Ligand code: SAM
Ligand code: SF4
Ligand code: FES
């Protein structure tokens, strides 16, 4: 396996069997994380890109079994931010030095194309890059957001096991999810996807397929997080994913896609107090601190134990700066698009 890791670091190729083997054993974790960290440094450098996350609505028409925002969860206080609040949080994010904001929400049809286009146009006036993460939409809607100025889109495939996907996301179709990703790519977005690790019924083979899917899609950004069971969902009693396995899926993704943006995810830090720093040293180069203010953070309750729910955007900005500089890395001052400089 050591040879496979070394070869993958040079060729960015691994077979499904090799990936499964790496996921099965802890024996090669040290060399794996080192190789991913070295590739991160070689291809995307030592700068960490920050994205300011605005969780602008927790209202969702979907019913994903794993998610606290699912429509049948009556135990969550629902909110949607006003346009003014969204623009205010974006302006504050800019003033804290962020160059990208991520607008994330449940699938909330209150935000029509016109409303979202207006918000996107106003935020672009602040000289910010915009990532949207608002779920499955029609081709025309994706086109309209792009025309208004959205730069990137984040839509995790969640799992490439079609039967598992459709069991866990009732009423949603895997084929449509793929259609969305294809549309986003064709419309010229920087394309972000990713998966959950530790879903009930998910196998290591299926996680290997997820990694190979990211490679085949040539995703520009891949976010990987452990599934954390939420007591207010049908998966309350599930075991959930581990930090270690999520970290490995992330590191192998870096081997296969050396020049992409990979976030150290909030869910990783929820399971491990140093989770984001460890991830930054195992292949990640992006962090997405929350810039939503007040109680909204608490109400955006995907899973229990979410970090930063009582902190302010200013505090989080200082906290993450401290963590990044403490490991000898610096914060990028540009938009942080995928680094396409390097021959692959
Ligand atoms: N509604 C949009 C969507 O589904 O793409 C964006 C918001 S959704 C809350 C963002 C991500 O949260 C999902 O892609 C999913 O991977 C993650 N998520 C949901 N429930 C989770 C849980 N229990 N543990 C960890 N991550 C979770
Ligand atoms: Fe809604 Fe997204 Fe949660 Fe599914 S994962 S219930 S689409 S917010
Ligand atoms: Fe929010 Fe550390 S990033 S408290």
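The backbone N, Cα and C atoms fix where each Cβ goes, and this holds for glycine too.
Quick look at what TrEMBL lists:
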- 60, 64, 67: [4Fe-4S] cluster binding site (BINDING)
- 133: (3R)-3-methyl-D-ornithine binding site (BINDING)
- 158, 177: S-adenosyl-L-methionine binding site (BINDING)
- 46-265: domain 'Radical SAM core' (DOMAIN)
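On the structure: features taken from TrEMBL.
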{"residue": "60", "record": "[4Fe-4S] cluster binding site", "contacts (Cβ under 8 Å, 6+ apart)": "67, 69, 70, 71, 105, 106, 107, 108, 135"}
{"residue": "64", "record": "[4Fe-4S] cluster binding site", "contacts (Cβ under 8 Å, 6+ apart)": "70, 158, 168, 169, 172"}
{"residue": "133", "record": "(3R)-3-methyl-D-ornithine binding site", "contacts (Cβ under 8 Å, 6+ apart)": "102, 103, 104, 105, 153, 154, 155, 192"}
{"residue": "177", "record": "S-adenosyl-L-methionine binding site", "contacts (Cβ under 8 Å, 6+ apart)": "136, 155, 157, 158, 165"}
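Secondary structure from DSSP puts residue 60 ([4Fe-4S] cluster binding site) in coil.
According to its DSSP assignment, residue 158 (S-adenosyl-L-methionine binding site) is in a strand.
In the shown protein chains, 24 other C-beta atoms lie within 10 A of the C-beta of residue 158 (S-adenosyl-L-methionine binding site). In the structure as shown, the Cβ atom of residue 67 ([4Fe-4S] cluster binding site) sits within 10 Å of 24 other Cβ atoms. By the rule that a residue counts when its Cβ sits under 6 Å from some atom of ligand 2, the binding-site residues 60, 64, 67, 158, 177 yield 60, 64, 67. The secondary structure of residue 177 (S-adenosyl-L-methionine binding site), as reduced to three states from DSSP, is helical.
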